[in-house]
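See structure below.
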Amino acid sequence: MRVQSPFRTQKDSVAEKSGPVTAAIIMAPAKKNILERLDAGEVVIGDGGFVFALEKRGYVKAGPWTPEAAAEHPEAVRQLHREFLRAGSNVMQTFTFYASDDKLENRGNTQRFTGQQINEAACDLAREVANEGDALVAGGVSQTPSYLSCKSENDVKAIFKKQIDVFVQKSVDFLIAEYFEHVEEAEWAVQVLKTTGKPVAATLCIGPEGDLNGVSPGDCAVRLVKAGAQIVGINCHFDPDTCVKTVKMMKEGVEKAGLKAHYMTQPLAYHTPDCNRQGFIDLPEFPFSLEPRILSRWDMQKYAREAYNAGVRFIGGCCGFEPYHIRALAEELAPERGFLPAGSEKHGTWGSGLEMHTKPWVRARARRDYWEKLNPASGRPYCPSMSIPDGWGVTKGHADLMQQKEATSKDQLKALFDKASQGH
């Protein structure tokens, strides 16, 4: 028995169009670019958080969070791309987070591959999988140790330029400047990305309080649009509720300034109501004990609907997002998109697959109102519901944030341990 759905899957749509003709001789129609899709009001589903997902799988080291797995273990990166594609992603983001040369070699991190090789491998993998469906490839750059260490604008822009040279050579479809805590550095990134002539998106990892220099979300968005970004929004550091709230503030600022933009959200898959301006990296559970905070698939459906209702049309995820979370976004927005993702072949909408369960009390859960009203227990009777985040209050220019190529010394670590034990 197969659970019926009123929506076709992507696989069904392709089959109807192609019929019995051998796939090898079908000329694939030209894909609409990211701006054509957004201008038409289409929903674009992003992918999830590669560094966290691959760290859990044993291919990324927590701490540096660098993406050398694209060259070291391409099979792992390829498989994760495929799982996100099957879950409904329209965008295969190159696994180039923190792939700038200064970050790849920061604090004693050593590489068997050059930054160029890692970026090239990531582009090839993303393109290979994107070509298996109706997905676009986005090349991404992120904040740099050089900016934190007060290097010049020209020095920081030169780092971005090295990465985008690879993206241009590999013909990515559009570019994303993501994970920036300071709007100034994001502006510099956008200015460099715009020189390619490709569409540019820019996301900050900030909340309603603004960037780490206190620039409001609305003003941040205006500055990014004026720098040349056509898509602006928020990624990482905060949960969906906080990110959607912050994007609303960005949208208000852009509209008040008489400007236009598209909007995107790629939040955490963790509940973070207790976070301060710095976001989840200040939580004492970061990064190895965040699991109790994970959003359920039903939380994700709520997020997708709230983001859509806020006017966001590029909706994806960041750290903590697994393919089943992305599938939940795609399922919630199936009425707007007109189809379900291929991954829904193995997932009954709102738990309807439980109709086939052997136990009657589990079959009784095969309904939407059960899952929407459920308040999940953590199973941890002595754990608090929220934490007290660290609040060291340091940002660009502070001695503690000056970066170095050498490994962190024992003396440097002792000073940090002492500071932490004294309450900063």
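Any Cβ shown, glycine's included, is placed from N, Cα and C.
Quick look at what TrEMBL annotates:
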type	residues	note
BINDING	Cys236, Cys318, Cys319	Zn(2+) binding site
DOMAIN	32-333	domain 'Hcy-binding'
Residues near Cys318 (Zn(2+) binding site) in space but at least six apart in sequence (CB under 8 A): Gly48, Gly49, Asn235, Cys236, Gln266, Pro267, Leu268, Ala269
Neighbourhood of Cys319 (Zn(2+) binding site) by C-beta distance under 8 A, where only residues 6 or more apart in the same chain count: Gly49, Val51, Phe52, Cys236, Leu268, Ala269, Tyr270, Phe280
Listed in sequence order, residues not in Cys236, Cys318, Cys319 with Cβ within 8 Å of the centre of the Zn(2+) site Cβ atoms: Gly49, Phe52, Tyr179, Cys205, Asn235, His237, Gln266, Pro267, Leu268, Gly317, Gly320, Phe321
Number of Cβ atoms other than its own within 10 Å, given for Cys236 (Zn(2+) binding site): 28
